[in-house]
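Reviewing the structure listed below.
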Amino acid sequence: MANVSKKVSWSSRDEDTAQGEDTPLLNGASAVRYTRQGAVLSRPKEIPHNEKLLSLKYESLDYDNSENQLFLEEERRMSQMGFKCLEISRWVVCGLIGLLTGLIACVIDIVVENLAGFKYHVVKQNIEKFTEVGGLSITLILWAVLNSAFVLVGSVLVAFFEPIAAGSGIPQIKCYLNGVKVPRVVRLKTLMVKVGGVICSVAGGLAVGKEGPMIHSGAVVAAGVSQGRSTSLKKDFKIFEYFRRDTEKRDFVSAGAAAGVSAAFGAPVGGVLFSLEEGASFWNQMLTWRIFFASMMSTFTLNFFLSIYNEKPGDLSNPGLINFGRFDSDSVEYNLYEIPLFICMGAIGGLLGALFNVLNYWLTIFRIRYIHRPCLQVMEAMLVAAVTATVSFTMIYFSNDCQPLGPDQSEEYPLQLFCDDGEYNSMATAFFNTPERSVRSLFHNPPGSYNPLTLGMFTLSYFFLACWTYGLTVSAGVFIPSLLIGAAWGRLFGILLAAITSSGSIWADPGKYALIGAAAQLGGIVRMTLSLTVIMVEATGNVTYGLPIMLVLMTAKIVGDYFVEGLYDIHIKLHSVPFLHWEAPATSHSLTAREVMSSPVTCFSRIEKVGTIVDILSNTSTNHNGFPVVPGVGDDNEPGRICGLILRSQLIVLLKHKVFVERARSRLQQRRLQLKDFRDAYPRFPPIQSIHVSQDERECMMDLTQFMNPTPYTVPQETSLPRVFKLFRALGLRHLVVIDHENRVVGLVTRKDLARYHLGKHGLEEMQLAQT
């Protein structure tokens, strides 16, 4: 791993420049060669999975509109009424996003409840049958087989049909909202596999939740609805054509993610804050308002249809997939002196979260290196399902924690097993249930419902099961397992406090400690603060705990960040995604645009030869996506003055429609190219290899003047890195042209040039670029 990571030291800048290829100024294609040399020195199999590499396979989204002549003409032609109609259609799209996301959540919920109910009913009957006559091992085999069968279907769907649907999808949506084009992430096929996969994995009894995937599902719905067509089904409805560009699509995807959170937790405000906290670089008031509308529509739709399903039409008491139950004001009062205890619980959550993340990090690296074939991934998922059933069964079998069945008993599947008549096995309440029900029982069961040993054993086993399960090739979230682990040790904490102090009545309700523990554990694993506080407050329906939950999440984040990053950030890093954080690295003021940029830059003349364009676009070693346009490119390699910027996608559309100067002169051009032609090709522009250009056509000329963006963002080469970073991140740019004092192009800054620099153990470090 000699050349994978190198510390950045800019004191020897002049010597570096003299060395040619190793100079930090040349980080385009040469950096790839450099990485390949490194790959020769060490084992090539393992290099791509090192987090000190940045992958070149990810492109950026164009959040900045290309204001070329076609765009400006269209905008000028549009009347005030036209703009008002556009605004109305944005609201309509957001309403549709909310409606469809709520319906998907409803389908997932009903199917999971019925499948899980069927499974637990069959196993319960079997246990009751064999408890008397012996032979409970048959029940264990039945349970393991049922689990494995469900998980087999779910993992086959993901591994063989759409691997991007694995996991919760939150890291991928975070990247998309950050401005990274993750391949296949918002396709219809991904949505189908995601929904099918999450139903199977939750019904299969894995230590997972169905809430995380809802966020991804909402984002896919938004990306599809807002385009008014399905490229997968090759069906165009000829509506919402104006929204066929990255700028609009990314805004709608953030609304979809918010609607997903809202449907999952019944937390519309939490959904809006999730989109704000986790992704959107560009935010305005109207966008916030529309996203809030999508969130409200989503939670209302879910509520409405679940009320019909539960045969209580109009009773809107199921706002989200997870219902924590209402905390009564009497039982949730807390005293001022309990706040330090809550903060201690936050620290414990941070430590346990860091441990979870470190274990999962090493496990994920192992998976990437050795379990990369689909059949192996399916086998691992089935193994985990069988082990989960075995652990659950063993825990229930050896537990002698029997509790009396009260008249207000809320257990869905109470198991008697070896308990006396009129009693049920307490361990079964935690394991023999869907995770959502287990969380609710930990929050609301009366004091004395659980033995401390039961809770301790459950926390320990479920912690390792959840850690092993996250990252499997199934669609599944980490929210509910984290809440369940935290609720179990939080309740244990409350019971121990009551035992230590003589006046037990003060600590009478371990449910509130279960709530604080759940928040601490989830905050320690995912490190969300603002949105998670609001989600927890909205899901419990009580503002009383707003301050304690906020303090707990802040403590968990501070403690956890000291050791390792959040789980989603770790997975983003492991996939070598060029993710841009809110700020540039703290010690990067010494760097300037000249040292960060890619150079030399491939430029085009205003009127360029078609053969030259085809050759440059076909060159696989560079694979550039943006080209500065200059008045004329001379042979002396002297940089020209900037007069515009044109994108690869635009050039491909021009070549496809054969927009040549000669054809225009000979009146062969039937009509002028319009913006609609570019929108129709979006988002899957054809590859350059699919466009046939004859030998005669190669000699033709192409005028780029009316298609290029004549006012691209530029910075002088002396601009500091934090300033470049701020401009790039806030405006959601894809290319930033670096110019000298005479307005000549000297370099180009892209996302990868900025994402390469990060704070490591030895100060500012530079990552290398790799083709993986």
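Heads up, residue numbers simply count up from 1 along the chain you see.
Backbone N, Cα and C atoms are what each Cβ position is placed from, and that goes for glycine too.
Please treat TrEMBL annotations as automatic predictions, because they have not gone through curation.
For reference, TrEMBL has these:
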COMPBIAS  1-11  compositional bias 'Polar residues'
REGION    1-26  region 'Disordered'
TRANSMEM  88-112  transmembrane segment
TRANSMEM  140-161  transmembrane segment
TRANSMEM  191-209  transmembrane segment
TRANSMEM  252-275  transmembrane segment
TRANSMEM  287-309  transmembrane segment
TRANSMEM  339-363  transmembrane segment
TRANSMEM  375-398  transmembrane segment
TRANSMEM  460-480  transmembrane segment
TRANSMEM  492-508  transmembrane segment
TRANSMEM  514-537  transmembrane segment
TRANSMEM  544-564  transmembrane segment
DOMAIN    708-766  domain 'CBS'
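According to DSSP, the secondary structure content of the domain 'CBS' (708-766) in residues is 16 helix, 25 strand, 18 coil.
88-112 is the stretch from 88-112, 191-209, 252-275, 375-398 with the greatest number of Cβ pairs below 8 Å to the transmembrane segment (287-309). Between the transmembrane segment (544-564) and the listed ranges 88-112, 191-209, 339-363, 375-398, 460-480, the one holding the most Cβ pairs under 8 Å is 339-363. With Cβ pairs under 8 Å as the measure, the transmembrane segment (140-161) is packed most heavily against 460-480, out of 88-112, 252-275, 339-363, 460-480, 514-537.
If one looks beyond the transmembrane segment (375-398) by at least 6 residues along the same chain, the residues whose Cβ comes under 8 Å of a Cβ in the stretch are 136, 139-140, 143-144, 146-148, 150-152, 154-156, 159, 204-207, 367, 415, 417, 425, 427-428, 431-432, 457-458, 461, 465, 468-469, 472-474. Long-range contacts of the transmembrane segment (191-209) within its own chain (CB-CB distance under 8 A, at least 6 residues past either end) are made by residues 104, 107-108, 111-112, 115-116, 119, 143, 146-151, 153-155, 157-158, 161-162, 165-166, 169, 216-217, 220-221, 224, 322, 384-385, 388-389, 392, 434-436, 462, 465-466, 468-470, 472, 474-481, 483-484. Restricting the average to the domain 'CBS' (708-766) gives a pLDDT of 88. Listed by sequence, the residues of this chain that lie at least six past the ends of the transmembrane segment (460-480) yet keep a Cβ under 8 A from its Cβ atoms are 151, 154-155, 158-159, 163, 165-170, 193-198, 200-202, 206-214, 264, 322, 352, 356, 359-360, 363-364, 367, 374, 377-378, 380-381, 384, 387-388, 391, 395, 430, 435-436, 439, 488, 522, 525-526, 567, 571. Residues 93-94, 97-98, 101-102, 104-105, 173, 176-177, 186, 210-212, 214-223, 225-226, 243, 287-288, 290-292, 294-299, 301-303, 318-323, 479, 528, 530-532, 534-535, 538-539 of the same chain lie 6+ residues outside the transmembrane segment (252-275) yet bring a C-beta within less than 8 angstroms of a C-beta in it. Within the chain, the transmembrane segment (88-112) has long-range Cβ neighbours (under 8 A, six or more residues past its boundaries) at 191, 195, 198-199, 202-203, 210, 214, 217-218, 221-222, 225-226, 240, 242-243, 252, 255-256, 259-260, 262-264, 290-291, 293-306, 309, 321, 434.
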